[in-house]
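Taken from Swiss-Prot, the feature active site, glycyl thioester intermediate covers Cys86, and the record attributes it to sequence analysis. For 2-149, the entry in Swiss-Prot reads domain 'UBC core'.
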Amino acid sequence: MTAPRRLRKELSDLQGNALKSFRDIKADDDNLLRWTGLIVPDNPPYNKGAFRIEINFPAEYPFKPPKINFKTRIYHPNIDEKGQVCLPIISTENWKPATRTDQVVQALVDLINDPEPEHPLRAELAEEFLKDRKKFVKNAEDYTKKHSEKRPAD
């Protein structure tokens with residue numbers, strides 16, 4: 001299956017699945033290789049907001065992994081200030097062409113709901129998460145209230 005055919009199918013499948021944690025999924029009108037969507041986490045401290053992401057697929061997809069970037073700022077040890085994500089499923093060494101976008105999105109939602117401080121992009125947040133969870137949760141909640149997008153109504 002060619003990249004455009006596979007991407008159209010995956011986009012259609014994702015849009016039809018009505019995932020509560022990934023909404024408003026669309027491809028760029030001029031570029032099927034660029035998608036946007038809204039991550040809607042279930043767990044505190046992120047469950048008071050929603051986070052816009054962009055998924056960029058390489059022309060060689062599915063043989064090369066997509067890249068995910070957060071467009072909404074988030075206080076999270078695995079996502080840096082530029083919105084880059086440390087997500088093992090899409091690392092070059094772990095990527096498998098059979099991996100579908102819905103699996104990638106689910107791994108991302110799981111990471112948001114359950115940070116992995118042992119693989120941080122922001123060491124200071126990982127340290128705070130490990131040493132003072134209460135402070136981390138308060139900071140993340142405040143940051144989410146200030147910077148996140150409004151959650152869609154169910």
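Cβ from N, Cα, C; glycine included.
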Reduced DSSP assignment, Cys86 (active site, glycyl thioester intermediate): coil
Confidence summary (mean pLDDT) of the domain 'UBC core' (2-149): 94
Structural state census, the domain 'UBC core' (2-149) (DSSP three-state): 55 helix, 31 strand, 62 coil
Count of other CB atoms lying within 10 Å of the CB belonging to Cys86 (active site, glycyl thioester intermediate): 17
